[in-house]
Every structure is written in C-alpha cells, then in structure tokens.
C-alpha cells in the first residue's frame, strides 16, 4: 500500500468519529394505550440507526412488549422508506432538517398479521422468562454457560486503595523519593507507584489468616463434586404463567379468517384460571372458547366487561394479578443474586461452553406447552424461513457499503450473526444426520460417502472424498484436509478479497463422527454455467460442438469446475476470468504461479495462480467461488518422507501432512526481512541510500527500497507429480525444515521464560500460534528432555566454576585478613602501654568500635551501591517449566490418541450403546489398577437388537486399550511410550478431563477414584451411605408430615461398583464445532488507534475510544462471547497500566464471568482471567478479594494439571508479598516457606529463585525481630547465590554484607545487653550505619514466571524492599532494618510487581 500515510490518517479520523459523534435527542411520542402523556426522551447521536432505536425500545420497560409498530419522523415520514440500517444523520440530511439537536419521532401501532402475532408471542416469552426454559431443550448439551464466580463472595470494588496510595505518595514526595508523574495525576484517577497498603483491622487480618490456611490446605487433586457447585441464578426465576401455548383450536378456520382472527392461544395463570385468547388484527382478547366448545368471539360478562388489549403482555397483566408482580420479583431476585448481569444473559451469536462434568441436581426439565411449538412460531407462517440461501446472504452482506465506521460496524455485525445462525442450524442438522433422522440424497452409497441437503446446506461425512486420497491415507487424509480447508476459508474471509467468494462452512464432530457442512454454490445442481470464454465464442463453435458424441455432451453438462483440476481429474481448466481474483488469494497465501503437468495428456497450457486442487466455480448469482482451499500451504515433505510409508503398520496415518499458515507466514516474513537487509546493505555500499536524510533530501523524497517479495513464494503443488522443477521442491523443503530447525527450538527456548500451559488445549494453541503442527509433539517431548539435560549440565558446570572462584576469593580474603591481623597486632602492642580500662569501658568500646566501623564503611558502601552492577539472576523456573512442558506433551499425545481409539470403537458401535461403550473404554484405560478386565453393561434385550460385531467393544480389556493407545501415540506422534506409561507418565484425573473435552463427553459429578485404595475406600463409604439412606427412608415413612418434593438426582452411588464408571455416569455428548467466523479488522484498527492515542499522551481520547470499543465488541459479538471476554481482560490490563485500578478491577471481574460462560468454567482462559482479576484487586488494595480469586485459580488448575503447576510458586509469592506489605508477617512467612518448598520440589533446591525465597524469608524474620533466625536464611541465600551467580554477583555481595551486618547486630545487642546490666539504658540509641540495601536483592524478582518483582523508577536501580515499623520494646523494627541495611534513613517503598497471567 503505497499511500500508507493517507490510510492511517483516514483510520484516525474514523476512530475520532467513533468517540465524538454529534449528539441528538429523540423525543418519542408513544401510543396512548402505553402512556397517556406519550412522551419518552432518549439520548442518541447522528450515527445511530433505526435498528439501534428499536433495540433500545426493547429494553425500556414501558415499550419492551411493543413489536408491531410504525416509526414516523416529524410525524409524517415513515422510516421504512429509508431502511433500518440508515443513520439518523442520513435521514436528517435526506429530509433537509438542518442540524437539529432534537428529533421528533412518533410510534404508531399497526394492524397485526399472523407473522406479527408470532413475533408478539416470542417477545412475550422473552419477557416472562420462558426463553431461559427454552435453553434447556434447545441447547446442544446440558448446563451450558455455567459460572462459579458469584460463590466467591467478593467485597464490592472500592476506591479505598487510591486514597491510601495518594497519601503515601505525598509523604514520599516530601522525602524526595518515589516521585512518579505529576502531583495532579490523582485527579485523573491515576495512581503512583507505591507499596503502601491500608492499615488492616483485626477482623481483616483474621480473614486473611483464614484464606491463607485455605490456600495451604488446598487439596492436591481434583474434587469433582466441589468443582461442579455452579451458581444457580436462573433457578431463582419463577415463570409467571402455569401454561401458555397455541390453542388446540388453531389454525384459524377459513370462516373466521374473514373476521380478522389470526391465531388462538390458551393461557393458565398462577391463579389456576384458564383463558382462551383470540389473536385479532386489532389486538388480543379473551374469547368464549373452552376445551370442548369453539367460540372465538369476544367474551363479556353480565356487566358488559371484557378483556382486550393491543399488547398480549398487557392483556395477561389484566387477567392475572400475580403476573406483573412475579416478573418484578424475578427482576429483583436477579439483581440481588449477582451484580453481574453477564451471569445469566443469553448469547445471541455464540454457543455457550458446556461443562465436561455436570452436577446431577442441575439436570431439570420444566413443563412448557409452547416449547414444542417454537418451530412453528419462529420460522415464519409456513415454516419456510429456516431455509435460506446462506451463501447469497453472506456474500450480499460482504458487498454492503463500508465507506464509514457505522457502515462497517453494521456490516460486520450482520456477517457475524449470520455465520453463527448458519453454524447453529448446520450443527443441529448434523446431529440429526448422525442419529439417522434424515434421509440421504444417495441412499445406495457406502455410509462414509452419503451426502445430504437440508435447509439450504450440504452435509457430507468428513471422509466423503476418500477416493481422492486413496494413495495418501484415504479416510484419515480426507478427514484431515477438511479441517485445513476450513482454516484457509477463515483466512480468506478475514482478508475480504474482492471478486472471489468462499463457501460458508463449518465442521461438526459428534460422538466420534465428523460432518462437513457447507452452503452449496448457488446453482450447483443446475446445468453447468458457461464460462466467460464460452460466452464470447460464436455460433460456428457451437456448430462444431454439435458433432460431438452424446456422452461427451453429458460430461460437459456435469462439469462445474471452470478453473483447476476437473472433477474427474482428466484435464486442467483455465478460465482466464478467474485469474485476477484468484491472484489476490495467491498473494494472501504467498503462492507462486506455476505450470501443472500430471501426465502428457493432463497438463496446463499456462501457469495456474493457485494449486490445481483449488477449484474455481461460478454460481448462478454471478459470483466466482473458490473451493477446496486445503492446498494453500505446502506439504510437510520432510515429515512425510520420514514417516509416511503406505501400507506399513508403523506408518503415519496419511501422507497429506500440511504446514500451518502461521509457519508459512513466519518463513515469509524472515525471508523478506533478509531481502530487505541485503538490499539496504547493497544500496548503502553503492551510496544510493542516504542516511538520516543527508544532503538536504526532503522526507517525502527519501529513497524507497523496492523488494521483489513476489519472489518469496512457493509452489503449492510441489511433490504432487514427477514433472516439477528442483527449485520449487527446494523451496517447499526449506519451509518444511524451517519447523524443526527454527520454530520448535525457539518455542522450547521461550518456554523457559514464560508460565507453563495449564492444560493440553493451551499447549496446542501455543504450538499453533508458533506454526507448529501437533504431530511434532513427540519430537518436542524428546527435545525437552535434551534441553533439560543440557541446562542441568550447564548449571553443574557453572557451580563448579563458581566454587573454584569462591576458593580464589577466600584465599584473597585470608591474605587480606592476615594483613589486617598484623596491623591489629601492632595496634595492640601500642595500646599495651596505656592503662587497662574497666569492663564497662570495654563494652562501650565495643559499641563505639561498631559505630566507628559502620561509619567507616558507610561512604564506601554508598559508593558501591551507586556503582553496583545489575545481578545476572533471572529467577526463572526453568526445570519446572521443562518438566511441565514434557508432562503436558505426553498427556496431550495420550489424550488425542485415546480420542482416535475411541472414535474407531464408536464407528462400529450402534448409537444406542454409545454410553456403554464409552464407559467401558474409560474403565479399560483408566481403571487398570482396580479391574483389568471390566465387564461392559449390556442388557440382553438391548444386545438382541444388534450383531455380535456391533458389541465387540465389550471384549476389550485394560491391556488391549493401553496397547491401542500406545500404538496410536507411536503412529501419530512418532513417540514411543515407555512400559507402564499409564502409571508413570500421566495423571489419570487430568487425562479423564482431556478425553472428555476432546470427544465431547459430559459426565455426572461424582468423586471418581483412580487407585485401588481410593476405590475401596469409596465403596465402603457408599455402603455406609446406603445404610443411612435406608434408615432415613424408614423414618420418613413413620413421619406424619410429608417432606417437600426434592429434585431428582441420578446418583451413581446407589449400588456397589466393580469399576470406576458406569454408563449412567454419562449425561450426554456435545458437538465440537469449528466454524468459519473471523475477527473483523475494524476492531483491530480502532484498538490500535486507541493504543496510539494513549502512547502519544492523549489519554482522554484513548480511554474514550476503549470504552466505545467495548460497546462495539458487544454489538458485533454479543455480550456473552469468548471474544468479548478476552477483550474485557485486555481493556482491564490497559486500565491498570494507566493507574485506573478500580476500573481495572471491575472490568477484570466481568472478564472472569464471561470466560467461564463462553470458554468453560475450568478453561485455561478462565484460569488466566481469575489470576489477572486477582492482580487487579491487589493493585486496588483489596487483598482479601485478591486471595479469594487466587485460591479459585489454584483450585481450577488443580483440575486441569494438578496443584503442582509452576504457577503455584507465582501465586504463593504474590500472596505472600501482599501479606508482607499489609504487615501480616506470620501469614507471609507461612506462604514464603510454602513457596520455597514448592520451588524446591518443582525446580530443585539449588536454584536462583530458591535463593530469593530464602532472602525474602530472612527479611520477614527480621521484621518479626527474629534476628538470629534470619541469619540462617541469609546464609542459605548466600550459599545458593555463590554457587549459581558467583561470588562477584551483586546478590552474592549483598547477602554477604547482610550476614556480616546481622552478626554485627547480634554482637551489638549482646554488648548493649551487657552494658544495660551495669548502667541505665541511654536516652538515645545510635544504630550502626553500614549502608547495604535489603531491597537491592529483592528488586530483581523473577521476570519470567511472575514470582513478583519490584518496579524500577524510570530506569534507575530500585534499591528498596518494603520493611515494617511496628513499635517494640526500646527499638523499632525499622531501626533494626536500618541497621541490617546500613541506612540512616528509610528508603522509599517500592511497589511489588505481581506478574499477571
């Protein structure tokens, strides 16, 4: 883009328009039946649309039941003539109204038709809460969108911390320290760097102590029952009607249609009264019908009174006194249950996350007669609205104007909503296809080749193209490339290429079967469209073709492909009209134009701009479509040649292994960067590139470097035939080598410095971001062990070198001491001639000598402090991160292999026995210690319906399944599991979870046990519970009073088990959906502009843009969406960085709730959101809230990984630091010791971070006045630093001085104590002043794993660790610390930088 500057300016103007629209007040006159005064004022602006107004009316209580109305501008202009997406500014301009600040709008009711009645019914169901009930039956699984956030019981977010910090800042400014920013920053909500925490009350300290105890005693393994105690906010909502449905008298008979009747309804109120209602074009009224008599006329009583209203809601409010009151009570209950509406809001364009383990008590069904009628009232008067031309709709939306912000926003919003609607419709149909509820179009074919057409969508098995890959893996290859095709479609959609379209696509995996869902190319079932070249051909060509054989004509009619390899693979088609649009696609994927030759008969005449397997088709809508985009990345030829051996047992499953787009893009960037560097160097040598605009060159005329980036491309068809150039093959081989030679080593190296993943899904996402395919997991696991061994060797080498260096330094010290001893001896001889002093004088002399020595060292220590080099310590949990990465890699390989084994089992198993097969598989895999030959639960009657081969899964044993999984790991990941790997290498509870998530299984919440000891203990408890239950039942029968009905809980504990799982433990299966939705570029552009404004110093505009961007995210994605959740978390981080701690804390809480509901209650994004939220609460000085959130995060990663995750060290350190600053030293000491223990267990005892914890513990002990005990910790820290950092490192030097000063202080105390026995204590204590800063050591806290660090002030070395100053006996702790640190004045306290997740 040569005109880059103009584009940037346009974007900035657009962003400016986002945050500064012209304001407009809407003065709305309502119909008289709503409000006699009829006035409603709504603030708006010129950029809002009629759609925005309608959405606003749906949330205002007074107008929310309105559905069928006209909107008149200035009392006469109907907005329907303008359209709903037109802005008020455009309407005002069209009507030539000038620039009014107020716009007169009138709402006028319209006569109902049947479609409008359906809309009114749907709105009523939403208002009364029936749509929450619908969710249960319409969901693709059970308990979607659960959350546990409200159970934490956080204190409200307050701004208390800001005031406290501000006061501390003023004190620091008086001392000339800790000054950051301008004094008036407090007014803008910014906070300054400080560590001061509010003084805590006794009650707060007790609360913190209890939370610390919870953290210490947190269980090591997952408790499934506790983990599924979800919030039940919606369960508190009461439906204000007992029954509401379309009446049995519907549809309206012909003789009543002429009277205006549209539909008949039946309602039963909470007062147990039943009313029959007529839906009339004038409104709704109670009629004279009964269950047996049809009379739809208006019902009047003897006084002539009747019930009629234009709005159904208002009519029901007249009929039932409890109706409105119940709705109001529901709203109160919801608001009191949680301060976060995100907890119960329903998504409008995304799926909720379904938990893999479900509390059985949450599995409820609520009666609702109208629920089964939703298909009737939701899809138009004849049900035809469910059938859509999906491709045509999406392409039409993409072609909408996008010249300004509002147009782009509306366009992106419509596209995202339609893509979700497609995915939802396709997923529901795919499930019905798998269950056999829909007939195929080709019933005679094999099951894997069946295709379906339903509701405008084509469905096929993921293996339907198996014939195309018969030599490269067949079914496995076909299944694999379908996902690669979808990945390419998402990229094309995001780039919004003009002139070429892709198919709306999603992939559904359900119960081990895959269905590919695609909206067909318009007209694909019609006769083949002529290409543009054929259109230009004359009549003479047509006459020549008349002589062709009839079969050739039929073949031409069937051929739909106009570009690429023909359907029968017999020729290469090259419609020139496709070249230009496909050229855009090739630029996105860096494809090289190339000739194709498969044989002498099948070859291209010119160069194809895309792969031969990418086909160009033309729809009857006139658009050009590109399909089969899986070949937009090259083959991973190095991997294929090494591991795919067709026909061999140990071969990789298929030969279609492709490189990820991320890897290709990274390779391309580095190649272009190398070209740029080479070209720059060349021009500089030739003198053609002037540096810094020398010779008076104008900035606009600076030299530009033209790079031949089109040469950095590859042939996607390389290695597909024998007729290819060596250059093309070499380029593809280079990209293939790039993964193992560059990307994987860089990934492993980076793992040293960052927090380890929490589960296999996060590991997979990280690998994908790096461009690494999961088939390299085995290689990564092997390399991790190699890198770990190398690191350990380097540490051992470092220790040996430092030990030798220590000996040298000790020898130097001995020599120095010898010389000093000689000097002392001479001084002693000179002093011998003087009179002998008393013991009191000697003690005083000791003190004075100590003072003198300390004073003598002060100047040199001050100088040393100024010139102190930065320590080379990194405090990274390298070994712990390597171990975690290795463990997760093994677990992910085993989980994925288990999924494939289970998929093969399910392929032969009838759907009716799926739960039994899955439970048996899990017993065989995970229950080997309990029962090596578990029995499958198959009822003889059920078995009689199927063949023996269909129930062959029952013959599986523990040994069989473990061997199959190990074989899959070997073939798919090229990794050999060691013997007894199931006991040694994987953690069974976490593997259980991973398989459930990957296969889409929902289990009942139950304390599943995986060891023989735990299982037997569980069985004994079950027997005891059974005895208690029987006693209670007998007692209840004798009771005169009836106990209230309890919800049915399908308890799997009612009988003794012989294995871990039973079929009844499985609640159900959920589909795993991959869709073609994408992130619009609009939000990225605005966010980039907002960050730019913030960095440039315009914080008001930047913050306003961020706030508006939150609204944009909610408009495009909906409030309940994973993308919205991630953006909330991002905005919270920005707020915190700017010092808006309160706002960050509020936004962080919202991010947690949305992550739980849209990502999963124990998803890694949710864990990160909890940790970030804890950090934001801590920054806002709400320590108790922070501890509660950290505790929940730890409980979550215990279920996904185990408590011993490296993040445990991070959490314990952050919490301990917080308690230390709050002066709760006892709790801080407990957690620092726990952090040291965890660090020693995970990362070894001799590590830099272990030394740091010893140092922190010593500081706490000093704060507690346990001086002698602190010396041991200082010594331990010093020994570690000497070994790992060397004797010359600043940390080693400082800890050595600490040890010396502590020893000196102990000597000082002893001398003072001896003197105090002889004489009264002095009125003033003069402390030694050897200046050694304790905080210089702790300032360099781990920057890798978030173990806490201190912020440096504008690049200067931070020399201040917070110390306490409670008053004690004759001295304060501050005096003690000043002595230990050697300072005459306390340093400014620095803020602990707790690492965010």
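Just so it is clear, glycine is given a Cβ too, placed from its N, Cα and C backbone atoms.
Looking at 20-65, 66-111, 112-157, 158-203, the range annotated in Swiss-Prot as region 'Disordered' turns out to be 158-203.
As stated in Swiss-Prot, the feature region 'Disordered' covers range 686-707 out of the listed 686-707, 708-729, 730-751. Matching 955-986, 987-1018, 1019-1050, 1051-1082 against Swiss-Prot, the residues noted as region 'Disordered' span 1019-1050. Matching 436-465, 466-495, 496-525, 526-555 against Swiss-Prot, the residues noted as region 'Disordered' span 526-555.
Helix, strand and coil counts under DSSP for the repeat 'TPR 3' (1167-1200) come to 31 helix, 0 strand, 3 coil. Secondary structure of the compositional bias 'Basic and acidic residues' (812-831) per DSSP (helix as H, G, I; strand as E, B; remaining residues coil): 20 helix, 0 strand, 0 coil. Under DSSP, the residues of the repeat 'TPR 4' (1209-1242) split into helix, strand and coil as follows: 31 helix, 0 strand, 3 coil. The average pLDDT the prediction assigns to the repeat 'TPR 2' (559-595) is 91.
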